[in-house]
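Participant: Checked Swiss-Prot, it gives:
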BINDING   HIS91, HIS473  Cu cation 1 binding site
BINDING   HIS138, HIS475, HIS532  Cu cation 3 binding site
DOMAIN    41-157  domain 'Plastocyanin-like 1'
DOMAIN    167-320  domain 'Plastocyanin-like 2'
CARBOHYD  ASN87  N-linked glycosylation site
CARBOHYD  ASN190  N-linked glycosylation site
CARBOHYD  ASN249  N-linked glycosylation site
CARBOHYD  ASN336  N-linked glycosylation site
CARBOHYD  ASN374  N-linked glycosylation site
CARBOHYD  ASN395  N-linked glycosylation site
CARBOHYD  ASN430  N-linked glycosylation site
CARBOHYD  ASN452  N-linked glycosylation site
Amino acid sequence: MEFKLNIPNTIIKTLQTIVFFLFVLLAFQIAEAEIHHHTFKIKSKAYTRLCNTNKILTVNGEFPGPTLKAYRGDKLIVNVINNANYNITLHWHGARQIRNPWSDGPEYVTQCPIRPGESYVYRIDLKVEEGTIWWHAHSQWARATVHGAFIVYPKRGSSYPFPKPHREIPLILGEWWKKENIMHIPGKANKTGGEPAISDSYTINGQPGYLYPCSKPETFKITVVRGRRYLLRIINAVMDEELFFAIANHTLTVVAKDGFYLKHFKSDYLMITPGQSMDVLLHANQRPNHYFVAARAYSSAFGAGFDKTTTTAILQYKGDTLNRIKPILPYLPPYNRTEASTRFTNQFRSQRPVNVPVKINTRLLYAISVNLMNCSDDRPCTGPFGKRFSSSINNISFVNPSVDILRAYYRHIGGVFQEDFPRNPPTKFNYTGENLPFPTRFGTKVVVLDYNSSVELILQGTTVWASNIHPIHLHGYNFYVVGSGFGNFDRRKDPLRYNLVDPPEETTVGVPRNGWTAVRFVANNPGVWLLHCHIERHATWGMNTVFIVKDGPTKSSRMVKPPPDLPSC
């Protein structure tokens, strides 16, 4: 029996018209995407801060470096030419680099460094990114001065999910060492086993600000008009400290973090960790005057040294006639006020309900620790008890190989890494107690994930050796922060409190020193991806590990081939 479906010609023509217009719209969207070409020349340049001139690494002689701007859907091609005396790589922090780990940047993980006199072309395809992200060096300590903002506007024809601001202002929070050669800091610390040299100031857009010597005239100024709204794109590029941030007499509205929109909330201050970015609306609703924009450290570590200074910029109202009077300072929580930090971060919620992985087939628990190691010779080190500092994830202190892991994985080079990174702490113990019951081991170990695995990763902070919040960053992915708490993670009770409806989507999350954070993601981006603490001394000491995500079954789910100009090892 033959069945015929009789559809009126008018409906067929209507459907054909709809399909045609959808095709035209798709073609238009593809055509309007742009390719942006940039040249980044790495070179040393002398800068004067704090009454002293020091040579630093820069991109194109700028500190901070150039701001990259593009629209969602665009592509960037960045030719990096190394004219400096140090090896260099660059990382595009917050860009997923889908199927293209060759352009992700961490040295000896996805590439060998660009040597002096050589070059390498990075390719960034902004398929899903939107908002404020950033770029920075990912070799040695070069990111202290080699960094910049990366602004990804909504797709052309789209708009922000908040009132359009009158103006947008990137604010990069950084650090400055008065006399130290930044590139030599980790080597000096490694020789002694102690902590790296502490910075002499924090900076806002490269300037220490009003409260430091020889700095007042160059203090960064933000000019505003009363009644208008401004979008502040704030990036914490500081090497080693979380920061409290505030503007005197002004309430801030937080609208996004790490390039993902949030349910808007108001706060008199921010707490932002190294590696994080935040989009904040400022309503210039105060009487014309000039007000301090200020940031200083939040440090929950007991007994650890840190820069205790305060950096400032000035919010200047147009028409202010009181500019000879010292600006008003904002209230910032005390440096060790953990409840202030927790109160702020607990307000993060995705703007809308999100598709959180529910059926988990890969469960990982990573204990992250600062450790002490015995010195290798007869001389005592300068760490506590004459030992040297180290750090670890699941008791493994990561060691950079001599050939990058991605190349070794792709080309089947043996002896570079091992696939036996522990998926849980090798020995269970009281993670938030006062000591570690076993010594740390060194290794270059990875976890291999099947393509499309649904992963739950518990990041368990520890209390030992003056640890503070660990800002953990995962390359190649964003994840949902479904839960967080203090104490040891309880697998029976704590998941009952997860937020599986509208958890924030992030790329860098702060893990409490004596608590835990739970994140979930789908391993659908094949490649080799670094997971590490964004406190630079912790990463230098070994608080890193690597995920290898296998290729999927189709061409569109497999890694792209390596580029011809990949730096040699």
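One-based numbering along the chain as shown.
A Cβ is built for glycine as well, from the same backbone N, Cα and C atoms used for every other residue.
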Participant: How many Å separate the Cα atoms of ASN87 (N-linked glycosylation site) and HIS475 (Cu cation 3 binding site)?
Facilitator: 21
Participant: Near HIS475 (Cu cation 3 binding site), meaning Cα within 10 Å, which of HIS91, ASN190, ASN336, ASN395, ASN430 (recorded positions)?
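Facilitator: Cα within 10 Å of HIS475 (Cu cation 3 binding site): HIS91.
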Participant: For the domain 'Plastocyanin-like 1' (41-157), how many residues does DSSP put in helix, in strand and in coil?
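Facilitator: Final tally across the stretch: 6 helix, 59 strand, 52 coil.
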Participant: Return one of helix, strand or coil for ASN190 (N-linked glycosylation site), based on DSSP.
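Facilitator: The three-state answer is helix.
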Participant: In Å, rounded, how far does the Cα of ASN374 (N-linked glycosylation site) sit from the Cα of HIS91 (Cu cation 1 binding site)?
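Facilitator: HIS91 (Cu cation 1 binding site) has its Cα 33 Å from the Cα of ASN374 (N-linked glycosylation site).
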Participant: Other than HIS138, HIS475, HIS532 themselves, what residues in this chain have Cβ atoms within 8 Å of the centroid of the Cu cation 3 site's Cβ atoms?
Facilitator: HIS91, ASP104, GLY105, PRO106, VAL109, HIS473, LEU530, LEU531, ALA539, ASN544
Participant: How long is the line from the C-alpha of HIS473 (Cu cation 1 binding site) to the C-alpha of HIS532 (Cu cation 3 binding site), rounded to the nearest angstrom?
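Facilitator: For HIS473 (Cu cation 1 binding site) versus HIS532 (Cu cation 3 binding site), the Cα atoms are 6 Å apart.
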Participant: Between the Cα atoms of HIS532 (Cu cation 3 binding site) and ASN249 (N-linked glycosylation site), what distance do you get, rounded to the nearest Å?
Facilitator: 37
Participant: Out of HIS138, ASN190, ASN336, ASN395, ASN430, point to the one nearest ASN249 (N-linked glycosylation site) in space (Cα versus Cα); all of them are recorded positions in the record.
Facilitator: ASN336
Participant: Do you know offhand how many angstrom separate ASN336 (N-linked glycosylation site) and ASN430 (N-linked glycosylation site) by C-alpha?
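Facilitator: Computed Cα spacing between ASN336 (N-linked glycosylation site) and ASN430 (N-linked glycosylation site) is 23 Å.
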Participant: When the Cα of ASN430 (N-linked glycosylation site) is compared with the Cα of each of the recorded positions HIS91, HIS138, ASN190, ASN395, which one is closest?
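Facilitator: When the Cα distances are compared, ASN395 comes out closest.
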Participant: Looking at the recorded positions listed here (HIS91, HIS138, ASN190, ASN395), whose Cα lies nearest to that of ASN452 (N-linked glycosylation site)?
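Facilitator: The answer is HIS91.
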Participant: Using C-alpha atoms, which one of the recorded positions HIS91, ASN190, ASN395 comes nearest to HIS138 (Cu cation 3 binding site)?
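Facilitator: Answer for the nearest of the recorded positions: HIS91.
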Participant: Along the domain 'Plastocyanin-like 2' (167-320), what average pLDDT does this model show?
Facilitator: 95
Participant: Cα of HIS91 (Cu cation 1 binding site) to Cα of ASN190 (N-linked glycosylation site): how many Å, rounded?
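Facilitator: That separation, Cα to Cα, works out to 24 Å.
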Participant: Rounded to the nearest angstrom, how far is the Cα of ASN395 (N-linked glycosylation site) from the Cα of ASN190 (N-linked glycosylation site)?
Facilitator: 19
